[in-house]
Amino acid sequence: MVSSRGALLEEIESLVHRHPSKLSMETFSTQNKGYHAEMTVVTYCRNRKDCEDKSKLRILLSFGQHARELITTELALRILSILSEEEFLSSAYPLNLNNTLDRLVIKVVPMENVNGRKLVEAGDFCERRNGRGVDLNRNWSVDWGKKEKDYDPYEENPGTAPFSEPETQIMRKLCASFEPHIWVNAHSGMEASILLLALFMPYDHKNTTPEGLPSQRMKLMLEKLNRFQLNDRCLVGSGGGSVGYLAHGTATDYMYDIARVPMSFTFEIYGDSTASSKDCFKMFNPIDLITFNRVLNDWSAAFFTLFSLGGVQMKDLHPNATGSGFEKWVSIDDYLNGYLMERKSRYGKKLEVLELGMQEIRTYFRLFLLSSVLLMFMFCSRISKSGRQIVSAMSL
């Protein structure tokens, strides 16, 4: 049922080649201290000529961030197959997608953690980290490195610093260049709950949701998705407030707080309460064909419903915008370039960008202080030497 890493990526590449008018594929790679990572990104746009149209709703989806969660990468393939129209939603989900898909640009990362996946396929079915033992969903900058009482240094190793890992560096750059309106991070194997499926919104690092109308709209949308597509089988709310533990340095909290993605979610698409803790494959992935197909059918329909609801919600959040409602929003580039100025957020509220961007510029600020001290020291040394020369000349 579950394809190997190589077979799945080859199948995605073939799919892209068969539909060049709708799909395109890029491969990004980078390295850090001898550790190399590579990532495939597939872009869907119904008309390739319109991909740069800022009026379109931009959606960023990530699958396979944790290596052992193989079912999530299969869902990525299913979604891409439906987007290409080689496969279709089940007749149980009568969605009219034509108008919705015309308004979207979607970037799909089908396998974020390729190096960790290699370890799983080599027999380490419990491995969730990347190729050098870092949990990629603890390596982002929001509340990075904080450890709870139940912290597991093996499972939750956050790395040596925020964005120390090539995989998170690639994802951060992808987000900054694409500026998505919707982010979804797909996972499986949620524990500590009778309900093993979830639709989570921020925050993961505290047991509350953000304040204000945008947050209320996010939750309302998830509740609709749960009720009408997933038969009320999911937990809905903040990750930190729902699963019984807090997670620090997660992708979704970064996307919402720093990247300012208006609608940032984590979906838990599968879990098996009967699985032994030692049977990681069964805990995180379906082992029979009927369950496998049900998971892919249910969640592909949920994602396409999200695409449809997302467009409606974003127009409600910014009702004064023209066209489809997205081209007048403040871009991330403007946000970062103007960090000493007050600007309007995507929701029309005044905010101080320096405050929200501090986690990103703290390192540069420290370097600035250090260089200033060194320059002052050099300046004072020159004055001191000049003074001694003048005194010597006067004594002569």
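Every residue, even glycine, has its Cβ placed from backbone N, Cα and C.
Feature annotations, courtesy of TrEMBL:
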ACT_SITE  Glu268  active site, proton donor/acceptor
DOMAIN    1-296  domain 'Peptidase M14'
The domain 'Peptidase M14' (1-296) [mean pLDDT, rounded to integer]: 93
Packing count at Glu268 (active site, proton donor/acceptor) (other Cβ atoms within 10 Å of its Cβ): 26
